[in-house]
Amino acid sequence: MSGAVAQGNQAQLSGLLKSQEGIVLVLAVLAFVLFSLLLPSFFSPGNILALIRSVSILGILALGMALVVIARGIDVSMIATMVVSVSWAFVIARSGYSLEFALLVGALFAVVAGVLIGVLIAFGEVAPIFATLAAGSVIYGLGRTFFFTLEMQNVPPDAGWFSLIGQGRILGVPVTVVVFGVLCLALHLVLSRTRFGWQTYAMGNNPGAARITGISNRPMIVAQYAISALVAYGAGLVLASSASAINARLFNSTMIYDILLVVVLGGIGLNGGHGKVRNVILGTIFVGILLNGMTIMNIPYTIQNLVKGVVLLLAIVIDSLVNPRDEQTSQQGDL
Amino acid sequence: MTDVVEFRKATKAFAGNAAVRDVDFTLRQGEVHALLGENGAGKSTLTKVLAGLYPLTSGEMLIDGKPVSFSSPGDAMKHGIAMVFQETNLIPSMNVAQNIFLGEESFFNRLRGVNIKAQQHLQRLNFHVEPTALVSTLGAAKKQMVEIARAVHHNARIFIFDEPTATLTPEEKQHFFALVERLKGEGASIIFISHALEEALSIADRISVLRDGALIVTDEARNLTREKIVQAMVGRQLTDALYGDAAKRVARAPREKVLTLENVSMGKAVRSATLSVFAGQVTGLFGLVGAGRTEMMKIAAGVLKRDFFHGGRITLRGEVVRFRVPRQAVRRGVAYITEDRKLDGLFDTMGIAQNVFLGKLAKGSNPVSVIGLNEARRQSAEWIETMKVRSIGANARLVELSGGNQQKVVIAKSLIQAPSLIIFDEPTRGVDVGAIAEIHQIIERLADAGAGVVVISSYLPEILNLSDRILVARQGRIVEEMTIDEASEEKIMYAAVH
C-alpha cells in the first residue's frame with residue numbers, strides 16, 4: 001500500500017522533472033532552502049516580505065510581457081514606455097493640473113505608444129524584436145527631449161492616496177503585492193476564459209491557421225501591445241509610489257532582461273502558443289529568491305548580472321529543448 | 001546483379017506513428033526501381049531516410065552490403081546518393097554553373113572559369129542548358145536537368161527522383177525518360193517515386209508498392225499490370241468502397257449559384273479564371289501542380305488577394321465581394337480547409353476540443369466575450385463525435401494524433417462555423433486509408449445537405465469519386481468543365497496537360 005503511494009510519488013516527481021515548470025519549481029525550492037540555511041538574514045519575515053515586494057514590480061511587468069510572448073511577439077520597449085509615461089504624468093501634475101488628470105494623460109500616452117507599436121508590427125509586418133527595440137529608443141528619446149529633462153522625477157507633493165500604493169498594506173499585505181495578485185488573477189481569467197485569450201494562444205501557436213480560421217490577427221496584435229504598454233505604465237506607478245520617485249535611467253538598466261528572464265524561466269516558450277499565469281508567478285518567485293539571495297551575500301552587481309545572464313541562457317536552451325520546433329516534428333504532416 | 005541499397009526491417013516513426021514499417025527493400029546495381037503508393041504511403045519517408053534526411057527508428061540500411069547510418073544529407077552524398085525533389089533545391093538567384101558547383105567551390109572563384117567548367121560538364125551529359133542562365137528563369141524540366149547535373153558532378157551513382165514528372169509537359173517527360181535511360185546506361189541505380197502507373201510500368205525494371213508504410217509487393221515490371229498495382233496500392237476491398245464505380249453514381253442536380261469568379265487574376269498564378277460553384281453538389285477542381293487551382297480558391301476565401309486592377313469579379317450569393325482577410329469570408333459562411341494542415345491548419349500543441357472550439361470563437365464578433373467552459377466542451381465533443389476523431393481524449397494535443405485524425409479536427413474546426421460554401425484543398429493528403437472513406441462521407445453529406453462544396457485534388461480517382469461536376473485548371477485558368485457523366489480519367493488528364 002505505502003509502496004504504491006511511494007511509487008506514485010516517485011512517478012509524480014519524475015514527471016515534475018520532465019517539464020521546465022517542474023525543474024524551475026524544484027530549483028526554486030532548493031534555492032530557498034539553501035539560502036535559508038546558509039544566510040541567517042534570509043529567512044526572516046522582514047526579508048521575505050521585502051523579497052516579495054521588490055519582485056512584485058518585476059512580476060507585473062512580466063505579466064504584460066507574457067501576454068505578448070504567448071502571441072509569438074516580444075516587447076522590449078516596456079521599460080521605455082514605463083519611465084516616460086510615468087515621468088510625464090508627474091511633470092504634468094507638478095505644473096498645476098490635478099494628479100488624477102495627470103495620471104490619465106500618462107495612461108493615454110502609454111496606450112497610444114502601445115497601439116503605434118502594435119500597428120507597426122501588425123500592419124507594417126516588422127519583426128517584433130526590431131520594432132520594439134527601435135520604438136523603445138524613440139519613446140525614450142521623445143520623452144527626454146520634450147516631456148521632461150531631469151532623470152529623477154519625484155512623486156508630486158500632497159499625493160496622499162498615491163503613495164499608499166507603494167507603501168500601504170491591506171490586511172498586512174503590501175499593496176504592491178496585492179496589485180500583482182489582482183493582475184495575475186485578471187490575466188489568468190482573460191487567457192483562460194475569454195475569446196481574446198483563446199485566440200491569443202491560437203495566434204501564437206500557428207498564425208497562419210489562426211488567420212484562415214477567421215481570427216483577426218492584426219487587431220489582436222495591436223491590442224496585445226497596447227495592453228503590455230498599459231501594464232508597463234501600471235508597474236511604473238507602483239514602482240514610483242514605493243520609491244517616491246521614478247528614475248528614467250532604468251531604461252539603460254538590465255531590467256528588460258530581468259523581465260525576459262522571469263518569462264522564459266517560468267516556462268513561457270518564446271515560440272509562443274503556450275504558458276500560463278502560473279509560469280509567470282513561478283518565474284517571478286525564482287528570480288526574486290535568486291536576486292535577494294545574491295544581494296544578501298553581497299555579491300557584486302557585475303557578477304549578479306553574469307549569473308542572471310547564464311541563467312537566462314540556460315533557460316532559453318532548455319526552452320528550445322522542451323518545445324522543439326525542428327524539422328522532424330514539423331514534418332509529421334507530410335509523411 | 002548486386003544490391004547497392006538494402007533496407008532490412010526498416011521502420012521510421014514520427015511521434016510514435018510509424019510512417020514506414022518493417023520494410024525490406026533492395027535496389028540493384030543499374031536498375032530503375034519504381035516506388036508506388038498513395039499519398040501518405042511512406043514512399044517519401046523511405047527515400048528521405050536513404051537521402052540522410054531522417055534516421056531510421058529501427059532496422060538496418062546497407063549500402064554496398066555495409067550497414068550505414070547517415071546523420072545528414074551530406075553523409076548520404078558522400079556515399080553517392082542524390083535526391084532530386086519535386087521542388088528543386090536550387091538557388092534561384094544564382095546561375096546554372098554556380099548551382100552545379102555549389103558546395104564544391106574552390107577558395108577563390110572566377111565566374112568565367114566556373115561557367116566554362118559547367119559548360120563542359122553539361123555537354124558531356126548532353127544537356128541543353130545555358131550555364132550562364134539564372135536558375136529563376138528556367139522551366140521545371142531545365143531545373144531538373146541542373147539538379148541532375150549537379151548530382152552527377154558530385155559523383156552520385158544512386159539517384160532518387162521524387163515525383164519528377166508531376167510538373168513536366170509531355171514533351172519534357174520524354175526528355176526526362178531519355179535522361180533516365182542514359183543515367184542507367186552509365187551504371188547508375190535509380191529510385192523513381194511516382195503516382196503515374198503507366199510511367200512506372202514503361203520505364204521501371206522493378207516496381208515496389210507501399211501501403212500505409214508497409215511494403216506490399218516488389219516484382220519485375222513485366223510481371224505486373226495496372227490492375228495488380230492498383231489492387232496493391234489501395235487493397236481490394238477498399239477500392240470499391242473508396243474509389244467506387246463512378247459510372248453508377250447519380251449526379252446531384254445543381255441548386256442556386258453560390259460563388260462565381262469572373263476573369264479573376266492574381267499575378268502569374270491565376271490568369272483570368274472564370275468558374276461557378278453551385279449549392280447542393282460537389283464541384284471537383286483538378287489541375288497539375290502550378291495550375292493555380294489552390295490560388296483560385298484561396299482568393300475566393302480571402303486567404304489571398306486578387307490583383308487590384310483588372311483582378312476580375314467575385315460574386316458570393318449574388319453579391320460582389322472583395323475580401324481582404326479570411327475573417328470576412330468566414331463570417332459570410334465560406335470555409336477554406338487547407339492542403340497543408342501543419343502549415344496553416346491546426347494548433348499543434350493545443351488540445352482537440354480547443355482546436356475545434358476556436359473555429360466557433362473565430363466566427364463570433366465580441367472580442368471580450370467570456371467563454372462558458374462547459375458549453376465549449378460540449379460543442380467540441382459533439383463535433384469530435386460526428387467526425388469520429390479517434391484519440392485518447394478531448395484534451396489530447398494535436399501533435400499526438402495521426403494524419404487522418406488531425407485532418408478531421410481541421411475539418412471540424414471549419415464545420416462548427418456552419419459554412420455554406422466549403423472548399424476542401426487536398427482533403428485526404430497524408431491521411432490513412434481508413435480515414436479517407438470517412439472524410440469522403442463527410443464531404444458527400446455536406447453536399448446532400450445543400451451546401452456548396454469544392455474539392456481540389458490532384459488525385460484523379462478522388463475527383464471522379466466525389467464530384468458531380470468537374471473543373472480542370474491549367475496555367476491559371478479553368479480550361480474545361482464537365483459533368484460526372486461525361487468525365488473520364490483520360491479526358492480530364494488531356495485537358496490538364498494540353
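Cβ coordinates come from backbone N, Cα and C, glycine included.
Feature annotations, courtesy of TrEMBL:
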type	residues	note
TRANSMEM	A:22-42	transmembrane segment
TRANSMEM	A:48-69	transmembrane segment
TRANSMEM	A:76-95	transmembrane segment
TRANSMEM	A:101-123	transmembrane segment
TRANSMEM	A:130-150	transmembrane segment
TRANSMEM	A:170-191	transmembrane segment
TRANSMEM	A:221-243	transmembrane segment
TRANSMEM	A:255-273	transmembrane segment
TRANSMEM	A:280-299	transmembrane segment
Note to self: If we skip the immediate neighbours and take only residues 6+ beyond the ends of the transmembrane segment (A:170-191), which ones have a Cβ under 8 Å from one of its Cβ atoms?
What the structure shows: 49, 52-53, 56-57, 59-60, 63, 66-67, 70, 164, 197, 200-201, 231, 234, 238, 242, 276-277, 280-281, 284
Next item on the list: For the transmembrane segment (A:280-299) and the transmembrane segment (A:130-150), check the count of CB pairs under 8 Å (sequence separation 6 or more) and say whether it reaches 3 or more.
Entry: no
Note to self: Counting CB pairs under 8 Å, which listed stretch among A:22-42, A:48-69, A:76-95, A:101-123, A:255-273 touches the transmembrane segment (A:221-243) the most?
What the structure shows: A:101-123
Checklist line | Leading stretch by Cβ pairs under 8 Å, where the reference is the transmembrane segment (A:48-69) and the options are A:22-42, A:76-95, A:130-150, A:255-273 | finding: A:255-273
Note to self: As a test: from A:22-42, A:76-95, A:255-273, pick the stretch that has the greatest number of Cβ pairs under 8 Å with the transmembrane segment (A:130-150).
What the structure shows: A:76-95
Check: Same-chain Cβ contacts of the transmembrane segment (A:22-42) under 8 Å, 6 or more residues past its ends?
Finding: 15-16, 265-267, 282-283, 285-286, 289-290, 292-293, 296-297, 318
